[in-house]
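S.K.: Okay, here's the structure, questions in a sec.
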């Protein structure tokens, strides 16, 4: 663009007006970026008052008077605030432009790059003020590589999804802003590259922006501490010694190692996924849902949250049982053992709820205190194991000795098996997700989750192995506790047990099963070994309470994230958070209620391992599918190891409790089916989508290498609907016989004289594809821009589809108004049919006597999907600008009811606003009632919906006059297999000779039976070639009279000129040559009225016209004469390739 036009900003006297346009209170502003979005962060460019004597238009924008600020600083400063000016790129300092206002524009000014000030684009208050502008008069800049340009360098803020705590999202210049000509309005959309935020992301952004002073944890306090507390648990002090007694040292180490391997694989997979992008709150649910999709995430997440709630009760009951045992030892039982557990458990869970509600900071402090107690108890045990005491020998603690270690090395299962013992130990390892579950409270989840989780697995695994080896090396399996169970010196030679070495013989109590101490008998043996027993008890309390507290925090956090995503309608109330940390108080209360219920029941179990296979499967999916977004910063993973881990996790589930595992899987599957059926409106770029794409691509490529076969023929229809909602009858009928059988592409040709708006085309494509999906119509919407209808149809015939998934049948609406408009449009319409046959397509034409096009009727609320209607808009009126032609081939503006089936896929763009006039326009006007429909529109509306209803008992009459390969017969068969058409019977009509009617009927019945097509009747028409009635012939002659060339009445040269300019005209020679065919169409209409006037649908062979021999007007007249004044009629002509076969 030239310099004067690009720099022709307002002169100095209009500066106040310009300033008002940019001021925050400048009235209604054009739609621009949303308040939370900023375009560019650039330096302020102050503009002084323009010189009054500027000579050239370009100097108005580029020059500033050097003495203007001093002459009236207040005014000029106010005017300069947030102003724009064109920058002379050749002199970035601005000196040249000030000194030489008449200097010629530089190259930089001519390239369309523009400059804008920071105060209007990115305010100092956080980007809350944004203003629209145009690139003709106002300019903006960003210094890049030493040049002024709006092209932006890579910036992390361009890739953010929300205004997260890490930084504010900026929006890069769109391609249109950089590429389009300057008459385009820039920044017309608030977001670039489709980065619109989901409601959940907007809520997260709002919370992140409002929350200041939020408590965030590092990897030690947030992950390491929680994971260690959960993994150690009560298992370490009460059950580990019993496991060693049953399995021996060797197998106990194997059990610990197996559990560690499973948790390590899960930890590696979780770490890889956690480092593959920003992680928000929701823990395991968030990772699973964003990787495997809402179906897996919603089903597993709900079970996982419930399992954590039940785990609260399990840990609290473990704590209460320990307290009750102490009370029994002190003879201080309150009521009875069971009720004491319930009372203590209720009090405990109330205290834990109070700590949780107080906030994450208090909960973290409690966890640190409990960890200190737990670590002290562990050190207390190991110190005590090195201090043997004579008083403890009778109870089985003899100190470290090789003979004891060797004796306890092998297994000694008593009523247990290896896998049953493993099943008892493994739940202790399920605590590895304790840190990930509070991912929203971590300062850096991507660093904290891998480091904290894996280090916790390592430390706890080493401690478990140490305890297993330690207890097996210094404690006997059986001991009576009686100091008198000694062995005499003369029997010591025959004694082979480790106890004999120390002078004890516990064989009697072992044989009589009366031993009370030892690894097998005493769950409190670690208290016996420890230096100070009460510390072990404190450790047990710490282990149970910390695990309960972690579960009480994890369950609401996971459940809150699940509810925020609105996967399950009705649970939205639990998504609300309170306070700085967005605490899920309602979730806490719900978890408290579930835990209290299970405490009062007294029998609890946990299903948390169900989420373990998901972690490994997530990584396996994204690795095997080669997802381009799979770029985790954590590199220590392998998809085959993940597969092995997933199999191990599934096996462990069934080993622990096969019934519970089966029930859990059934529940997960039921939830999965429910969520899949509900189809939540979310798009997280999950690996499920990647799998769908991968399978579709693979199968499409494989299908392309397979030759077509008659048995696998499917009608793949290119339906020229225009906008899909403008011709519902055409859409519904074709969808009836292509649904789950073939493919349907809704073709839309948009023509016009102005430049095509491809961005609008892409927007419409996405918009109406969503409309089709919302209306459960299995079809693709494919719009194209073309110079005319014929060219657009050729584009679609050639390029629509992919591989074998290409259309093979063109479906049109009948052109009802062909006599009212420009006959060249008829020429184009008929040429579409010829082009379809040239491309070896079949052709189908649908005619309703009421019409097809309903786009001009007001009140079509279904014109747009509900996602596109603004919230709060209730009274929506859809109206169409009828001042222009609704179709490109219609030139009669007033033809509303008669031009309903004009060329079925074309749309002329409006010259003023660039919007297609048949596109339904939403108008928010609550005061204006919908205009009542006239009689013809009411009939049209009813007719357009007739194929949406069940057809009832009726007939589909098939007039199979010519063999086109079987498409004329296949379509009715497919229709009658559908639920809506199930009760309709097929009646077949064929042509024949009067003296062979019975023979022809038997031959057709034989053919239909071989095709396995049911029919109710076959009628042979022997009088097709009978001359039609005179009044019908006269009506036909009258219809074609305006379109005849009448070359016999003019000179040959004049006739040729007229024929060349109007090729649609009917010549006398042509009319005489095809007189018999003309009579046949008229006669067929008489027979159709006689035999099929009550049919639900008529399917008849489409007459062919030889290209170049039959004029379009005559062919259109044939179609008119054949199909007028009839029930819905479908004219069908296949491509004469067989689509039916009776071979197996």
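Quick reminder: no glycine exception, Cβ is built from N, Cα and C everywhere.
All annotation found in TrEMBL is predicted automatically rather than curated by experts.
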S.K.: For the record in TrEMBL, which of the ranges 543-563, 564-584, 585-605 is the transmembrane segment one?
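M.R.: Among 543-563, 564-584, 585-605, the range TrEMBL annotates as transmembrane segment is 585-605.
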S.K.: What range among 188-210, 395-417, 418-440, 487-509 does TrEMBL describe as transmembrane segment?
M.R.: 418-440
S.K.: To which of the residue ranges 452-476, 677-701, 702-726 does TrEMBL assign the term transmembrane segment?
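M.R.: TrEMBL lists transmembrane segment for residues 452-476.
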S.K.: From 130-159, 250-279, 610-639, which range did TrEMBL mark with transmembrane segment?
M.R.: 250-279
S.K.: Per the 3+ Cβ pairs under 8 Å rule, pairs at least 6 apart in sequence, do the transmembrane segment (585-605) and the transmembrane segment (299-320) touch?
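M.R.: These two stretches do touch.
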S.K.: What residues elsewhere in the chain lie close to the transmembrane segment (418-440), defined as a C-beta under 8 angstroms and at least 6 residues from its ends?
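M.R.: That would be 217, 222-224, 226-227, 229-233, 235-236, 239-240, 243, 246-247, 251, 255-256, 258-260, 262-263, 266-267, 270, 274, 279-284, 286-287, 308, 360, 411, 448-449, 452-453, 456-457, 547, 550, 553-554, 557-558, 561, 582, 606, 608-609, 611-612, 652, 655-657.
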S.K.: Quick check for me: are there 3+ Cβ pairs below 8 Å between the transmembrane segment (452-476) and the transmembrane segment (640-673), leaving out pairs under 6 residues apart?
M.R.: no
S.K.: Counting only pairs at least 6 apart in sequence, do the transmembrane segment (299-320) and the transmembrane segment (250-279) share 3+ Cβ pairs under 8 Å?
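M.R.: Contact between the transmembrane segment (299-320) and the transmembrane segment (250-279): absent.
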S.K.: For the transmembrane segment (366-387), which partner among 219-238, 341-360, 640-673 gives the most CB pairs under 8 Å?
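M.R.: Highest pair count goes to 219-238.
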S.K.: Could you give the residue numbers and ranges of same-chain residues that sit at least 6 residues beyond the transmembrane segment (219-238) on either side and whose C-beta is under 8 angstroms from one of its C-beta atoms?
M.R.: 263, 315, 318-319, 322, 364, 367-368, 370-371, 374, 377-378, 381, 425, 427-432, 434-436, 438, 441-444, 447-449, 451-453, 455-457, 459-460, 463-464, 467, 523-524, 526-527, 536, 539-540, 542-544, 546-547, 550
S.K.: Quickly jot the same-chain residues contacting the transmembrane segment (341-360) by Cβ under 8 Å, restricted to those at least six beyond its ends, or write none.
M.R.: 215, 217, 312-313, 316-317, 319-321, 323-324, 334-335, 366, 438, 441, 545, 548-549, 552-553, 556, 579, 581, 583, 585, 588-589, 592, 595-596, 599-600, 602
